[in-house]
Ligand SMILES: C[S@@+](CC[C@H](N)C(=O)[O-])C[C@H]1O[C@@H](n2cnc3c(N)ncnc32)[C@H](O)[C@@H]1O
């Protein structure tokens, strides 16, 4: 499969070389070969794209505009991978990655690209997806033939990405796999291509409170002889430690994900965590006995304290339980939700549907400006939180339902609910086709699409455009600095 690559701040480019090369019989490089190349783009995984004799090679750590020397490490039919040996001509966007374990960890992919360069690349990623996948016209971009067919329409405005003033230490949640070493329990990240866990005590995108909590829990569990789960054998107890910190209240939650119900020395463990973790108000156990990479199991119980922590965004207080989705970057979440409310264009008279509503965050932001809001979400605990959050904030014009949005929306429609505005904020895979159909049948005057994946977003926008909607504006927001991820809010109107 050819992979898209994007030069920083230049027009769309697709990997045509890959498809052309797949027709040739023998790649012109072999493993171990050293070569020099100009870097012409950056893949969606953050690898530099180079060419040797017309063959495409992806090189981790190389940046567009650079000339590099690299060693071929693998050769496929249509592209290969190479290891960066040296940078011969540096990009003006290159900087030294501040994190000492950047090369090993893999959690961030863009620390070697300075922040303005990251924001530029992320905007280009969104633009390129709209043009290439969605076949949509974007202002300032060369029109492609398919988009030009709709010559009468206004091109879409894609705004610059809203970045952070200080793009470090932003994550309010850490999810750490636990393993064992001679010195006790370790927790950090999986070594590439293995089940071994590399211990990590500092992560520059984590809030410091989370680091301190994880360190304390590892130390406490290790000192009590609690075993770590072994992914290869399926034995051992502690699989993951998940911690959350609510910056506005200072409250912290610890979730112990265990391979079984019984925790030896449970009371002592709780005592040590309470002693060593300032602000902890909730210690929760989640049981996952499946041999799976999925982190959470089905059963959750509160071991001590509350079953939720409280946080505040934009003057609204939220209760957040262990299993519920809650955006990880609170500073940018507010900007994201404000963009969604702006694009909803509410006057106080509207009926609004918030599909994929999580704990009701966007619903409650919208409810302050609408007549009535309906939120739907598939995780029952999240809907419990959503209802609790509405009550907590004295917001009464909102109703929540548990279920798949693609099932609940048609039911609401059949019962006579006629939304003026529909907001969707699906997971990375985007909207279900049934949901798109039901959205088109509802015919709201506006659709606001919040997306964390430009590719599925562009696919869904195409379907909505074909169904009678026009994309007006896109506001990308950088929720995950130093990673390849970008969030966008989209405003659509009826054609
Ligand atoms: C990207 S999150 C957005 C949540 C919320 N809007 C927020 O900003 O916190 C997507 C949410 O969709 C939920 N979800 C996934 N599939 C769903 C489906 N088929 N129907 C309804 N909700 C779903 C997930 O549990 C998750 O809470």
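Using N, Cα and C of the backbone, Cβ positions are placed for all residues, glycine too.
These come from TrEMBL:
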DOMAIN    28-86  domain 'TRAM'
BINDING   327, 356, 377, 425  S-adenosyl-L-methionine binding site
ACT_SITE  452  active site
ACT_SITE  452  active site, nucleophile
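Features per TrEMBL, on structure.
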| residue | record | Cβ contacts under 8 Å, 6 or more apart |
| --- | --- | --- |
| 327 | S-adenosyl-L-methionine binding site | 333, 336, 361, 479 |
| 356 | S-adenosyl-L-methionine binding site | 376, 377, 378, 405, 424, 425, 426, 427 |
| 452 | active site | 427, 428, 479, 485, 486, 487 |
Residue counts (helix, strand, coil, in that order) that DSSP gives for the domain 'TRAM' (28-86): 0 helix, 39 strand, 20 coil
Predicted model, mean pLDDT over the domain 'TRAM' (28-86): 96
Three-state secondary structure, residue 356 (S-adenosyl-L-methionine binding site) (per DSSP): coil
S-adenosyl-L-methionine site shell beyond 327, 356, 377, 425, criterion: Cβ within 8 Å of Cβ centroid: 325, 354, 357, 358, 361, 362, 426, 450
The residue listed as 'active site' in three-state DSSP notation: coil
CB contacts for residue 377 (S-adenosyl-L-methionine binding site) [other CB atoms within 10 A, all chains]: 28
